[in-house]
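What follows is a set of notes on a single structure, which appears directly below.
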Amino acid sequence: MKMLAVALLLPFLVGVAICDDDQTMALKFLAQYGYTSSTRSGNHDVATAITRFQEYFGLPVSGELDDATIGLMKMPRCGVSDSNGETRMRRYNAAGKWAKKHLTYFVEPGDDLPPDQQRQIFPLALKFWADVSGLSFSEANSASDADIKISFGRYSHGGTNVEGTCPYPFNGPGGVLAHAYFPEDGRAHFDEDETYTDGTSNGVNLLWVATHEFGHSLGLQHSNVNGAIMYPYYTGYVEGMQLHSDDIAGIQSLYGSDSGGGVQTPAPTEPPAPTNSGNCFDRLDRPCAPYKDAGYCQTYPENMKYWCEKTCSFC
């Protein structure tokens, strides 16, 4: 009855022709992402929620479900709420922190990229945060030993072998790309129905999504600064991606500004055969050129010096 009453009020809020499916989607969206309150209902609450959403993302403020508002609601994004219940949503915002500054992580790889490639991407995402804070990270041998547990799943999904069913199902390709839990939970789930890629504008860039989700894992909420990693919507592959000053201010408010200890990854027990002969060679078992072209030699010099030393002219 409550949903029916709200639905009956919606036509009074809409100044343009919006189909019933879009109205239903918008109601669910506003509730899911923290714009409507569970303690209030009715025309005023929905109109206020639409206005808050429009203000937060810099849309023309009408309080109505216009095309621009509906269009943004349908864009791919993170599944974490935009609001923690506060009336005023700020730029960066914090939702707790870890009591320690050295954290471990475990990767249960997805299907799209080779596992060894994923085990390079996830440490790079963590390194963004370590480089500007007092944090450091190392890879754990099992999920039970890890603080941050990384996994992939579809629709109603679980996680690693130490997790139960997640109460926040994914919704297929597009829509919600991933979500992560705030400290000190550590679960980070990626939608297996997305096509995750690396170093290309095709598909969904795993490095960007992972860096965003790890921001949540470390205690950051969403930011309304377009260009910040913690912006809720996926903005696409960016060559030479970096943290925004808003991201840096947020993480430093939690863990300080001292440079962290980086990310320790175990050396492969049986390194792949070198792709070049002599004393200077590449260790990566696939061409390094795409990574060089994407600017990784400059953006991630420590990792590239190990994996692609010859291609990056480090020797």
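Including glycine, each Cβ sits where the backbone N, Cα and C put it.
Record features (TrEMBL):
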SIGNAL    1-19  signal peptide
BINDING   C78, H212, H216, H222, M230  Zn(2+) 2 binding site
DOMAIN    94-257  domain 'Peptidase metallopeptidase'
BINDING   D112, E194  Ca(2+) 1 binding site
BINDING   D147  Ca(2+) 2 binding site
BINDING   H157, H179, H189  Zn(2+) 1 binding site
BINDING   G172, D191, E194  Ca(2+) 3 binding site
ACT_SITE  E213  active site
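Annotated features taken from TrEMBL, shown on the structure.
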residue: C78; record: Zn(2+) 2 binding site; contacts (Cβ under 8 Å, 6+ apart): V176, L177, A178, H179, V209, H212, E213, H216, H222, P232, Y233, Y234
residue: D147; record: Ca(2+) 2 binding site; contacts (Cβ under 8 Å, 6+ apart): W98, L103, T104, Y105, A140, E184, G186
residue: G172; record: Ca(2+) 3 binding site; contacts (Cβ under 8 Å, 6+ apart): R154, Y155, D191, D193
residue: H189; record: Zn(2+) 1 binding site; contacts (Cβ under 8 Å, 6+ apart): S151, F152, G153, H157, G159, C166, F170, A178, H179, A180
residue: E194; record: Ca(2+) 1 binding site; contacts (Cβ under 8 Å, 6+ apart): D112, P173, G174, L177, G203, V204
Check your understanding: Around H179 (Zn(2+) 1 binding site), how many other C-beta atoms are within 10 angstroms of its C-beta?
Key -> 19
Exercise for review: For the recorded Zn(2+) 2 site, enumerate neighbouring residues of the same chain (Cβ within 8 Å of the Cβ centroid of C78, H212, H216, H222, M230, site residues themselves excluded), in sequence order.
Suggested key: V80, A180, E213, G215, L220, Q221, S223, I229, Y231, P232
Exercise for review: Restricting to the domain 'Peptidase metallopeptidase' (94-257), report the mean pLDDT as a whole number.
Suggested key: 94
Study note, to complete from the structure: Students should find that the Cβ of H222 (Zn(2+) 2 binding site) has, within 10 Å, a number of other Cβ atoms equal to 29
Revision key, fill the gap. Candidates D112, D191, E213 (recorded positions); min other-Cβ count within 10 Å returns D112
